Structure formats: structure tokens, C-alpha cells
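As recorded in TrEMBL, the features of this protein are as follows:
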TRANSMEM  27-49  transmembrane segment
DOMAIN    85-300  domain 'ABC transmembrane type-1'
TRANSMEM  89-108  transmembrane segment
TRANSMEM  120-143  transmembrane segment
TRANSMEM  183-202  transmembrane segment
TRANSMEM  223-241  transmembrane segment
TRANSMEM  276-297  transmembrane segment
Amino acid sequence: MATKARRQPLVVEAVRKKPWRLLRPPVLMAFPAVAVLLGITIFPLLYVLRLTVVSWELTTGFPAQFVGLQNFVRALTDPRFWNAMKNTGTLVVAGVGLQAVLGTGLALELNRIRRSRTLLMSLLLIPTMIAPVIAGFQFRMIYHDQFGPLNYLFEVITGGRFRGYAWLASPPVALWAVMWTDVWQWTPFMAVLVLAGLQAIPSELLEAAEVDGATGSQTVWRVVLPILLPVITIGTLIRLMDTFKLFDIVYQLTGGGPGNVTETIAYYTYLQGFKFFSLGYTAAMAFLQLIVITIVAQRFLHYQERVRGGVAV
């Protein structure tokens, strides 16, 4: 039986004849946003890349001179640079790891609460709303060796045997004091993110696990956490990149001290750029930091994909 040919819409016919009619206006409308995006991302990146191959010391008054890869060689042979990278790595591994574990635990507990959950979430988010500089100032008061409530608490617990400990002036614990400040501020972020993922899990899966005889812990480990893995991964990756840029808390709490025990790569870059005005060396360190963050993030995501595929070792 012969079928009657459908008549093509006039809009489709117009697009076939002159496709630029519908394509050009969107391109023109998107051009300002694309131009701004390129201006605030590509241009600074290219400018920093240019600075990495010049020696430009503002304190000398001499113009920039091309030095090739000397700034990178200087960074890679600078013990202070590697010390800052080590401190940053410690904060990333220990600090972000604690945030992921504590945040997931808080989310699991909050998910069990039916009443007052919204109020608890609002209270939980208060540390995240505080500026890192303010959080650093608050914890500097908490860690104070004479007037800090932390020392007072330990003094009460130990019956007066523990008093006047200089948390921020003691090399063994200063970096951990910085880490706990960051953990206190950003664990709620992980908790809320994981809680959102928990509430998106279909109840049928949990009911099926219960019918199969799974205990509460078995359901969490074998059903809930594998489903939450992408959410935890994204949250951890965000915090990982943020911790590489940790500056405010270090600036307020310790200023990189005692010595350079708490000096992060972001703080050391700040010192070279805004204290010593060594722009070429600062740009080289910033570019190396970008490379490290990119590699770590790529490996982290690759490992997460292997875990989800069941081939992780």
C-alpha cells in the first residue's frame, strides 16, 4: 500500500537551505561569554607560562631577562620547595582522608534521623560558611598556650599536670593543628554531599538487602558505600584541589612556622611572589603545582574507575 509522504516542516526546509540562519545567532550570543572565559583563564595561564622562562626580580629594578628553564631547575633543587610540597601532601592525604571518613560517618548518622534533620544540617554547615581567615583566627585563640580553652580542657582532665602547651610553636604538632582546623571547617561539606547521595538511593535496594538477610553493617559496606563511591570521589577531589591551595589558615595560625614546619606550597609561593618579588620563580612554582594537581586528580579518577570496574588491586 502506497504511503503518503510526510511534508517536512518549513523550519527544517529553511535550515537545509540556509543553515547559518539558526546557527549564527546562538554563536553571536555565546561569543561574549566565551570571550570572557578565555580572557580570565587562557590569558592568565599563558602569561604565567611566559613568566616561568624569565628572571624578573622587582626588588632589583632590572627588566625581565630570558633564562629558559632555570626557574624550574631552581624549584626542583630547592629544599624549601620540597618541604612545602611534603607539608601539603601530608595535609592532602591525612586531612582530606579524615574529612571523607568523618563526613561519610556523619552523613550515615544524619540519614537515620527523621526529625530535626534540617535543623541539624543547618547547624552542621556553619563552619563551612565561615571564611578560612576567621576560622584560622578562632583556632589560634583555641590553641593559645595561656588563654586557650584547649589547654584548659586538658588541664582539667589531667588535674593540673598538663598546662601551657604551645600547640602552634611545637614542631611535632603544629602541622596537625593546622590540619584539624581545616578538617573542622570542611568535614560538613563532605557530610552534606554524601547525605544528598544517600537520599538519592532507591529504597527498594535497601529493602532487598534486608529481605536477603543482610545486617545493617553489611548493607552499608556492600550496598550503600559502592553506590556512594562516585559522590565521595567527587567531594574528595574537590577538597584535594582546595587543600593544595591552602593559604588562609596557615597565614592566620602559624605564618608557616615554627621555622617552615607548616609552610604549604601555596604559602611558599605567596612568600616568593609578594615578599621577595621573584615573579619568574613564583610562576614556575605555580605551574609545577598545576601539573602536580592535574596528575593527582587524573590518577585519582582513574583509580576510582578501576574500583568501580572491580579490577582495583
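Residue numbers in this text run from 1 along the chain shown.
Note: Cβ is positioned from N, Cα and C throughout, glycine not excepted.
These figures come from a predicted structure and were not determined experimentally.
Counting Cβ pairs under 8 Å to the transmembrane segment (183-202), the top-ranked stretch among 27-49, 89-108, 223-241, 276-297 is 89-108. Same-chain neighbours of the transmembrane segment (223-241): 92, 96, 99-100, 103-104, 108, 186, 189-190, 193-194, 196-198, 201, 205-206, 209, 214, 293, 296-297, 300-301, 304, 307-308, counting only residues six or more beyond its ends whose CB sits under 8 Å from a CB of the stretch.
Only residues 6 or more beyond the boundaries of the transmembrane segment (120-143), in the same chain, are considered here, and those with a CB under 8 A from a CB of the stretch are 106, 110, 113, 149-150, 167-168, 177, 180-181, 184-189, 191-192, 195, 248-253. A Cβ distance under 8 Å defines the sequence-distant neighbours of the transmembrane segment (27-49), meaning residues of its chain 6+ beyond its ends; these are 283, 286-287.
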